[in-house]
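Engineer: Dumping the structure here so I can ask a few things about it.
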Amino acid sequence: MTKYVFVTGGVVSSLGKGIAAASLAAILESRGLQVTLLKLDPYINVDPGTMSPFQHGEVFVTEDGAETDLDLGHYERFISAKMHKVNNFTTGQIYESVLRKERRGDYLGKTVQVIPHITNEIQDFIARGADAAWNGATDVAIVEIGGTVGDIESLPFLEAARQMSLRLGRNNAAFVHLTLVPFIASAGELKTKPTQHSVQKLREIGIYPNLLLCRADRPIPDDERAKISMFSNVPLDAVISVWDADSIYKIPAMLHKQGVDNIVCEALGLTPPPADLSMWDNLVDALEHPTHQLTIGMVGKYVDLTESYKSLSEALVHAGIHTRSKINIEYIDSEDIETRGTDQLKHLDAILVPGGFGKRGTEGKIAAIRYARENGVPYLGICLGMQLAVIEFARHVAGLGGANSTEFDPSAPHPVVALITEWMDREGKVEKRDATSDLGGTMRKGAQRCPVKPGTRAQAIYGDDVNERHRHRYEVNNVYVPRLEEAGMVISARTPTENLPEMMELPDHPWFVGVQFHPEFTSTPRDGHPLFSSFIEAAIANHARKEA
């Protein structure tokens, strides 16, 4: 029988519930337990696919093509289980499901209400997500409830968790509450009152936390922990100090040293073997003792909110771990390049253009790509970054003046990138769309496998085939591929059914690769990713060349 740990948050949002939940999962997995994680989002959107990155941050794409919360990326990076569509659901999905049942007559004429119909549906979704992992043999499912205790939006989720813990019975459910203990500079002390009130609010709705994770910018003294313990009715050893760390990969060890996993296992009636965090210790050692220092320029338009590129930033960190390199990521606004030029790129060891949507800032990205191509700077283009590399090459090398994407200029004289209208998904189902299709849920998404061209850099990196995740509407236009290849570009991977370009490279450049997919979604600190490791190795070589 699966046991559940519900993770809630109080006082303010953005305290790191996802990292806390993932770190706990990593410790439990190191103790031999089969663990999965779920994220419950209280917003009414069906998924975050059409939400602004400035509002939501990154959209993480799962293997089965779901557009989900960025916390699922943390989950996959911290544990071995893969996340799927069932691991993330929203208020919008819950209400959509309940209303569909009501229209079918499933409720037999009853008045449909938040309790019991919405809360029952939430519980069913939670159980379904837990059962989907480990062939139904999940030992522990950690359920992160989005939002902050006290918000109206998350009340149905909290009530569902309360009901579920009651139904499951003793030693089958536990509650972990993450809260803030702010330091007030003018008073020169930490304040515990917000945490006391947050726990009080939680207890008012019938939830009594087994464990408090108290976030602060510094370790919390024992006397302050004792005060929190007394006023929240949580044992002192279960009031955990979680201070700011310079790497999220230090959090599992921080929690384990304070006995978090023992407290959770005791609450769940589990007696697994001791934790083995040697892998995490090795990762931290590699982070703290690099042999190289590199500056990678990430040129985008969401650079004011780096959460928009969370998986990508972490993938570069992972590559740094596996090449013993300290990676300094410099986020560069592409619109700034349009006004100030490319001189600001001269100090970079490599340049990366990530995925994105819309016309704004694209000419600045194209200018950065041209700089990388003409100056031998290692370049990695992901999704839009590959499309723009093709546009830049078409304009300045292949002689296709005015080349563009129909996303930015529908009447471009040379539409080297265009909307794909028909393709086959990972299950073999034919999908169709046109310019009038809904934006939500209509992209080519999820993992797809394709063969790699022999003798290319792509083959040296991936081997004979590549299996990566996608999230895009536009593709390189096959009509122009012969002209691009004549000018020196190599299309090094194509989809097996539609023959669409998946990878491009320039063989006469030290390292210039574009990929239509999103490799950052499969990078982990444990294994890194061969594409990012190759990119960072090229950056190391470029740095050495500049220093010589």
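Just so you know, glycine gets a Cβ as well, placed from its N, Cα and C.
According to Swiss-Prot, the record shows the following:
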type	residues	note
REGION	1-270	region 'Amidoligase domain'
BINDING	Ser13, Lys191, Thr192, Lys193, Pro194, Thr195, Gln196, Lys227	UTP binding site
BINDING	Ser13, Asp151, Ile152, Glu153, Lys191, Thr192, Lys193, Pro194, Thr195, Gln196, Lys227	CTP binding site
BINDING	Ser14, Leu15, Gly16, Lys17, Gly18, Ile19, Asp71	ATP binding site
BINDING	Asp71, Glu144	Mg(2+) binding site
DOMAIN	295-545	domain 'Glutamine amidotransferase type-1'
BINDING	Gly356, Leu384, Gly385, Met386, Gln387, Glu407, Arg473	L-glutamine binding site
ACT_SITE	Cys383	active site, nucleophile
ACT_SITE	His518	active site
ACT_SITE	Glu520	active site
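Give me the lay of the land around each of these features.
Structural biologist: In the three-state DSSP classification, Ser13 (UTP binding site) falls within coil. All chains included, 12 other C-beta atoms sit within 10 angstroms of the C-beta of Ser13 (UTP binding site).
Under 8 Å, Cβ to Cβ, and six or more positions away along its own chain, Lys191 (UTP binding site) finds Val181, Pro182, Phe183, Ile184. Annotation note: Lys191 (UTP binding site) sits in a coil segment as assigned by DSSP.
Taking the Cβ of Ser14 (ATP binding site) as reference, no residue of its chain lies under 8 Å away while being at least six apart in sequence.
Asp71 (ATP binding site) carries a helical DSSP state (H, G or I).
Within 10 Å of the C-beta of Gly385 (L-glutamine binding site) there are 26 other C-beta atoms, taking all protein chains into account. Gly385 (L-glutamine binding site) carries a helical DSSP state (H, G or I).
In sequence order, Pro354, Gly355, Gly356, Arg471, His472, Val515, Gln516, Phe517, His518 are the residues of the chain that are 6 or more apart from Cys383 (active site, nucleophile) and have a CB within less than 8 Å of its CB.
For His518 (active site), the Cβ neighbour count at a 10 Å cut-off comes to 22, with all displayed protein chains included. DSSP assigns His518 (active site) to coil in the three-state reduction, outside any helix or strand.
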Engineer: Using C-alpha atoms, which one of the recorded positions Lys17, Thr192, Met386, Glu520 comes nearest to Glu144 (Mg(2+) binding site)?
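Structural biologist: Sorting the recorded positions by distance from Glu144 (Mg(2+) binding site), the top entry is Lys17.
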Engineer: What residues, ordered by sequence, lie under 8 A Cβ-to-Cβ from Lys17 (ATP binding site) and sit at least six positions away in the same chain?
Structural biologist: Val7, Thr8, Gly9, Asp71, Glu144, Gly146, Leu178
Engineer: Which three-state DSSP class does Glu144 (Mg(2+) binding site) fall into?
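Structural biologist: Glu144 (Mg(2+) binding site) sits in a strand per DSSP.
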Engineer: If you count CB neighbours within 10 Å, which one among the binding-site residues Gly16, Gly18, Pro194, Gly356 has the smallest count?
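Structural biologist: The binding-site residues Gly16, Gly18, Pro194, Gly356 were compared, and Pro194 has the fewest Cβ atoms within 10 Å.
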Engineer: What other residues of the same chain, not counting Ser14, Leu15, Gly16, Lys17, Gly18, Ile19, Asp71, have a CB atom within 8 A of the CB centroid of the ATP site?
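Structural biologist: Neighbours within 8 Å of the Cβ centroid, excluding Ser14, Leu15, Gly16, Lys17, Gly18, Ile19, Asp71: Gly9, Ala20, Ala21, His74, Glu144, Leu178.
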Engineer: If you count Cβ atoms within 10 Å of each one, which of the binding-site residues Leu384, Met386 comes out on top?
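Structural biologist: Of Leu384, Met386, the one with the most crowded Cβ is Met386.
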Engineer: As a test of reading the model: what is the averaged pLDDT for the region 'Amidoligase domain' (1-270)?
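Structural biologist: Average per-residue pLDDT within the region 'Amidoligase domain' (1-270): 94.
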Engineer: How big is the gap, in Å, between the Cα of Pro194 (UTP binding site) and that of Gly385 (L-glutamine binding site), rounded to a whole number?
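Structural biologist: Gly385 (L-glutamine binding site) has its Cα 44 Å from the Cα of Pro194 (UTP binding site).
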